[in-house]
Amino acid sequence: MLTKLAMTGFKNRWRDYLVLFSGLIMSSAIFYMFEALATNQSFLKENTGIGLVGIIFQFGSVLLTIITLVYIGYANSFLLSMRKRDYGLFMLVGARKGKIGQLIWLETLLVGIVATLAGILFGTLLTMGISQLLISSLGLTLHHLAAWYFPAALKTLLLYVGLFLLAGLFNLIALTKTPALKLLHSNDQPNRPQLKPVWQGIQIIGGTLLIAVGYWSMANLDKLQMLGIAIALVTIVMGTYFLFNAIFVGLIVWLKHFAIAHRGLNNFTLSQLSFRIHNYTKILSIVALLFALALGAITTGMGFHRQVPMMANASNAYDLALVNPTKTEQNQIKALKPKTQTNYHFKVAKKAVYYQASEFNTHPFTTLNMHGKNQLAFKAVTNSAKQLQKSQYSYQLGQLQTNGNQMKAAVFLTPSAYQKLAQPEKTLTVFATKDVTANLPAIKRLVKTAAKHDASYKVATNLGGRYGAYLQINSMYSGLQFMGFFLGVAFLAMLASCLMFKILSGAAADQHRYQMLDKLGTTQRQLTGAIRKEIAVLFILPGIVGVIHVLFGLQMFKFLMVTSPYTGIWLPFLIFAGLYLIYYLITVKIYQRIVLQ
Amino acid sequence: MPNTPIMTVADLHKTYGKAGSKQYEALKGIDFTVNEGEFVGIMGASGSGKTTLLNMLATLDQPTSGEVTIHRQPITHLKGNQLADFRAKEIGFIFQDFNLLETMTAYENIALPLTLQNVAMKRIKPAVENVARQLGIAEFLTNYPNELSGGQKQRVAAARALINQPAMLFGDEPTGALDSSSARELLDLFSKINREQAVSILLVTHDPFSASYCQRILFIKDGRIGQELKRGDLPRKDFYQQILDTLGTFEQ
């Protein structure tokens, strides 16, 4: 009978359960997505070649577990608040505590398992979809990527079911220890925002110190290695929470002193925020961290993506070189409208490649001479035969050769000396287009044609010039790019579901407040404005903290990236701000629809 | 000054349900006026249509036909901002369940109608303190609603309804959730406000004791005004007895 009663309660509140389920499914799906990469050792090894990446992933996994812990605790209290009245009612009609406890336990666990299984399935589909999208749009090459990865699924299931077992136990104690009448009226709790200056001072100082330590250890990751990530993780999570906790209450009390706070519905909005302050500080710290993770991941992924053509361009002055190109190949080169194109004749001996000095004097060979510590800063220098012989960058000519001639010394001969050599003469055609990345498909076709008569062109490492460098660097960085974008999307989705969950779970309670305001004579514009402002605060605060975290967190990638991780960060920031804004507008719309009907 | 109508209600109808489907007529033509400074009660059993009527008068619902005029302004077709402005400036409302915002202090609740009109902070403060003193809640202004008793909450609600000096004050069973001594205090307060500040009050109730504070009572039955009772110079106790007698025969 009680089970039947519990089921009717379930049916009556399917909307609330929908919010709960979608939140939990999203959360477990994203956890699975992350684990599918993080626990897949062969994927990490194949695609990054950087040992530290695996460790970073492990710490990321710990962080996500902490976030999940808070998230589930939060979802659970939502579930509990939803059921309190029903269970109170059961107690009033004389249900035994043991029976009720059984029901609570069962319900919590059932919700958890169903949501987690659905989440793993959804996560597999998401992983498949997102990786396909990224691979095709970024032109990546990846190995050992599996959308369905059993260890990840197992880990997700174990963590979630374990957490729900704990949550069920907590609910059991919380509900059966509370008198029935109190359960019936649990919504009328007191809510005076309390200012405890000493405790808040301690929290501000402690939080700032913790965050400073975290930033410092991220910047000195090369010395601290694994320990640095561990320190940063713990200190930043705790520091963010303390700071939000201490500043938020104070901020609202302080804002109420201003005249602007007493215009229109501003005071109402501030009161709304202070009313649910404790829920908000937790959710805001989590959102700030997720914001930082998402933005950081996308910025890093973009950094690597941008770096590939830069590094390719810095490797050689020419896009590609072909030995003895056929008529068709020459036509294909012509169709590319090369900026420069030169033919050098040469003869190959055992230890050297012989060129005619005169050809180099009339058509100088361009080398890229590095300057400064940064590998990407170069000066293009045109070399006559004599200059090239002396230049330390003459290897750039060698790179353009094929068939094992790359490492042989280049010797520049007078016409008479050249004539005396008995070896057959070949032609090396070098060319450079305006932008190698813009001509990738056409060059690919050209290489394919050339590979028909010279098999060595089939292997990317045999291809000299920018095109070959692009292929090699891209395959080296593909894993890193992919992880950056993939995790960025995953964290953004997690952030979205967190905030959405928070806001929708509060909407039902807000409904009667907005109705009351309507009866008091509030214009529709004032009401929508109040909603926009309240939600804007919830978006902007973690956004600011998240941006600061990212700016310091990028220090970690100094040693992974050739360029500074800060170059061009405005682009990912702008893209992210756009996504965040769209997400804000959607949330406001949904909230208004619920509250203002 | 006496007998100037502040509110006129003319041939008010309200039908629920769409045309074609099963319809229910809750109000079947209501006519009456309330004069400036009058304290009028509306009585009736559950389902008689008194709450429907109040919702129309207080602009919370729209009648099917008929017209309501408050302070020389027809209100049945007000929409959007006009409607909001009218609610904020011309009428005050006291509900059975207080309808205070539990996220705000008593002071902030009372000040809300003024802040909605963007009144300057230095004008809000004396206004709130003034009305709070009149209603005897000056010492509770910093408390949150859940820290107040039912009677205190209802006085805060009354203060909020009175702060913008409305033309009409509506009460929907304002004593319904109060104990008898709190109810008596609140009704005394209404009489005092009505007497001293000439605020017109319309009270909807099914409680004869609350109704005995009114000067005139309209009895509603099945969507029509069935009877009208005037207090005149009768002492409140005798008027109470008269109401009881009327109810006894009226509901038969």
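Even glycines carry a Cβ here, placed using N, Cα and C.
Automated prediction, rather than curation, is the source of TrEMBL annotations.
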Problem set entry | Feature transmembrane segment in TrEMBL, mapped to one of the ranges A:50-74, A:75-99 | A:50-74
Problem set entry | Contact call for the transmembrane segment (A:482-504) against the transmembrane segment (A:197-217), three or more Cβ pairs under 8 Å | no
For this session: Report the listed stretch (A:17-38, A:103-126, A:197-217, A:535-557, A:569-586) having the maximum count of Cβ pairs within less than 8 Å of the transmembrane segment (A:283-304).
Result: A:535-557
Exercise. Which range out of A:17-38, A:50-74, A:197-217, A:535-557, A:569-586 gives the transmembrane segment (A:103-126) the most CB pairs under 8 Å?
Worked result: A:17-38
Exercise. In the predicted model, what is the mean pLDDT computed over the domain 'ABC3 transporter permease C-terminal' (A:60-179)?
Worked result: 82
Problem set entry | Cβ contacts under 8 Å made by the transmembrane segment (A:50-74) with residues that lie 6+ beyond its boundaries | 23-24, 27, 30-31, 34-35, 37-39, 41, 44, 112, 159-160, 163-164, 167, 225-226, 229-230, 233, 237, 279, 282-283, 286, 289-290, 293, 479-480, 483, 487, 494, 498, 501-502, 556, 560
